[in-house]
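Feature annotations, reproduced from TrEMBL:
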- 1-23: signal peptide (SIGNAL)
- 33-52: disulfide bond (DISULFID)
- 66-217: domain 'Cupin type-1' (DOMAIN)
- 111, 116, 121: oxalate binding site (BINDING)
- 114, 116, 121, 163: Mn(2+) binding site (BINDING)
């Protein structure tokens, strides 16, 4: 009998722990909740950061986005272009916990080290060859996991971890990424650290990176391009 009580207690603890550490967009409480930009509407109800349209007024266009088949312009310092499809431009995604991005790469194009604070990313290569990777957290020793991906290959970047993609082929590359949030967010490391507004005190960065203040000053004067 004690064994049964122990088993039940253990299962209860595990269930509670699973509930407490759950971290993802809330599950929908109805079939859908189309975002509504008119926050003054009498029909609006505040849910998960967006106001919802009356479900009876929803239509197919609320769940539709067109244009991802077209190549993007990659003539920029990074040689890449990210086209995001999230709740800001596909309102029907509101509360559904998912979004999408098309990533175009010129030869040697880079999607620089960045994080998505609210989403895991799964990447599939449609054309070209990409060198991809992510770095684990400090507690795990900042281990680097990398892989060279070819057409049809898939790679996962765990939520919140710094990751990147580099086109190592001699032709353009295209990838699609699925993300586990309607609004995953993106923090480009170099731009956030050296291009913040207002700038981070150079003494802080010089000590953090163990370099001379002049190096930091030079980096902060650069134009940090954002491909998102």
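FYI, residue positions are counted from 1 along the chain as it appears here.
Positions of Cβ are set from backbone N, Cα and C atoms, glycine also.
What you see is a predicted model, and the numbers here were worked out from it, not measured in a lab.
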Report summary line: The number of other Cβ atoms within 10 Å of the Cβ of residue 116 (oxalate binding site), counted over all protein chains shown, is 24
Report summary line: Rounded to a whole number of Å, the separation of the Cα atoms of residue 111 (oxalate binding site) and residue 163 (Mn(2+) binding site) comes to 9
Report summary line: By Cα geometry, the one of the recorded positions (33, 52, 163) nearest residue 116 (oxalate binding site) is 163
Query raised in the report: Could you give the Cα-Cα distance between residue 163 (Mn(2+) binding site) and residue 33 (disulfide bond), in whole Å?
Result: 31
Query raised in the report: What Cα-Cα separation, expressed in whole Å, is found between residue 33 (disulfide bond) and residue 121 (oxalate binding site)?
Result: 23
Query raised in the report: What number of additional C-beta atoms lies within 10 angstroms of the C-beta atom of residue 114 (Mn(2+) binding site)?
Result: 22
Query raised in the report: How many whole Å apart are the CA atoms of residue 121 (oxalate binding site) and residue 114 (Mn(2+) binding site)?
Result: 12
